[in-house]
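Worksheet for the structure shown next.
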Amino acid sequence: MADHKGSTSKEGLSEWCILEAECSDVDNDFEQLFERDTDSDISDLLDNCDLDQGNSLELFHQQECEQSEEQLQKLKRKYLSPKAVAQLSPRLQSISLSPQQKSKRRLFAEQDSGVELTLNNEAEDVSHEVEVPAIDSRPEDEGGSGALDIDYTALLRSSNTKATLMAKFKEAFGDGFNELTRQFKSYKTCCNYWVVAAYAVHDVYESSKQLLQQHCDYIWVRSIAAITLYLLSFKAGKNRGTVHKLMTSMLNVQEQQILSEPPKLRHTAAALFWYKGGMGTGTFTYGSYPDWIAHQTILGHQSAEASTFDFSVMVQWAFDNNHFEEADIAYGYAKLAPEDANAVAWLAHNSQAKFVRECAAMVRFYKRGQMREMTMSEWIYTRINEVEGEGHWSSIVKFVRYQGINFITFLAALKDFLHSVPKRNCLLIYGPPNTGKSTFAMSLIQVLKGRVLSYVNSKSQFWLQPLGDCKIALLDDVTDPCWLYMDTFLRNGLDGHVVSLDCKYKAPMQIKFPPLLLTSNINLHEEANYRYLHSRVRGFEFPNPFPMKPDNTPEFELTDQSWKSFFARLWTQLELSDQEDEGEHGESQRAFQCSARSANEHL
């Protein structure tokens, strides 16, 4: 680089520093120097002109509006959410048991511009009627002649028809539709009670009151503005599809104009709504109150009775109806709940299963004691009196003769068998298969309520326990292992002596074997290995096949009615005692009572 005039080049670290400014020909022009503005960059810092008000008031007004809008939105979040008590009936909300869903609606508008804000505002405008409740502007009953007129086109404009209908319902009746009903998701679930809210049915409102009477036992109808509310108790259970079909044809409306759900049957507040509403001047009712409304709103002497459960009444019912199994007791007693106050109290108890188990145990104890107290004559007389219908004893006589047996001999053996004569209390029916041995024996055991033993359980030492709980027993299809067991262990029992019977969960019992009926394909008296049983078992052979009619029905009717006629006809020949002679001078015997109620208590 060329050296400049009047400057000295420096070496070393000071090379970067310019010691003298370079001259420029542009700065030599005097006119341009004087024309140039000599003010500094901060010369306009002070403004000495007159003051002007400007738009400060408008700015302040905008700020106040924004602050007020923000406070208003906070109040909306607090008081106008779906959880607000102001939207519900205060008395109903205080005892409501239904869960409230959280509000997912966004109350603060986004401070942004563009398409998304427009879409959000449009969505808020559509759901505005659902969000804001009507406080002071309720229309009058019966036809909507009040100051507020519900917009019929809102249902068409709304994207959520059900939500709009529920909003209209709440505006009209003051209570939410879901507060009065429970939800059925399936259209096929049947129910006798239905709550129906119909929109815009003024033309056929009066006629529906009369038309529904042929379908319902109870009708509750009230119309406010454009909403008509029905509580219907149908004579037969109906599903939602059937209810909609009936109401659309009767009211001439579309299905979109109807809300239908079953009522809450165990909700006191809902029951009070229907009860108090039925007493209003604008409500039409037909029929008596349903039971679920009457029980929750009408007080009576049944209320105090239903609060306590009497276990002895349950035991007495099971004893009188011969229910021994726990399942039969539970199901049968539950069906009595609508009519029996004690059954209602049992259903409301937390220990239902405990009571059922104890009831079954007590009934078995009572029945076992009753059976042991009876003689064989009393037992047969009691059992045949429980048989309904009539039969003919000749069917049994003809069948015995068909098998080639002398009926007089058979009758004598049956007499010793029923009286448990020693070494005559075991009767064997043997023969080839398909001769009716089991059918004949089972029919006798069934009518006398005997017990059946199965040798398949012989590995258990308790397989003979049913002999202690019956008046007659059957051991069907005895084979060689069973004959060997009887020859080894049961000789004393077949002799009619007292034996020790091992029972589960109990000490061994001292009993005599009841009459024991056997069926087998083996002729015991031809087997030399069992010669010690020959004198203890009386046998009859059934050699002929069991006859059948062309329609595949038995030729001989071995039914309960036939055995009933058989014992009644041959009562004297079997030497069964007269039941009048067994009483005290012919006096009537009082029925067994196991309940705690006094005999002189008023009904």
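Note that Cβ sites are derived from N, Cα and C of the backbone, with glycine treated the same way.
Going by Swiss-Prot, these are the annotated features:
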MOD_RES   S81  phosphoserine
MOD_RES   S89  phosphoserine
REGION    144-306  region 'DNA-binding region'
DOMAIN    405-555  domain 'SF3 helicase'
BINDING   G431, P432, P433, N434, T435, G436, K437, S438  ATP binding site
CROSSLNK  K512  SUMO cross-link
REGION    578-603  region 'Disordered'
COMPBIAS  590-603  compositional bias 'Polar residues'
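The structure, with features from Swiss-Prot marked on it.
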| residue | record | CB count, 10 Å |
| --- | --- | --- |
| G431 | ATP binding site | 21 |
| P432 | ATP binding site | 12 |
| P433 | ATP binding site | 9 |
| N434 | ATP binding site | 12 |
| T435 | ATP binding site | 20 |
| G436 | ATP binding site | 23 |
| K437 | ATP binding site | 25 |
| S438 | ATP binding site | 16 |
| K512 | SUMO cross-link | 16 |
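In the predicted structure, the domain 'SF3 helicase' (405-555) carries a mean pLDDT of 92. Within 8 Å of the Cβ centroid of the ATP site, not counting the listed residues G431, P432, P433, N434, T435, G436, K437, S438, the chain contributes N521, F542, P545, F546. In this structure the alpha carbons, written CA, of P433 (ATP binding site) and K512 (SUMO cross-link) are 32 Å apart.
Secondary structure at S438 (ATP binding site), taken from DSSP and collapsed to helix, strand or coil, is helix. K512 (SUMO cross-link) and S438 (ATP binding site) are 25 Å apart (CA-CA, integer value). Secondary structure at the residue listed as 'SUMO cross-link', taken from DSSP and collapsed to helix, strand or coil, is strand. The two recorded residues, N434 (ATP binding site) and the residue listed as 'SUMO cross-link', show a Cα separation of 33 Å.
G436 (ATP binding site) sits 29 Å from the residue listed as 'SUMO cross-link', counting Cα to Cα. DSSP assigns G431 (ATP binding site) to coil in the three-state reduction, placing it in neither a helix nor a strand.
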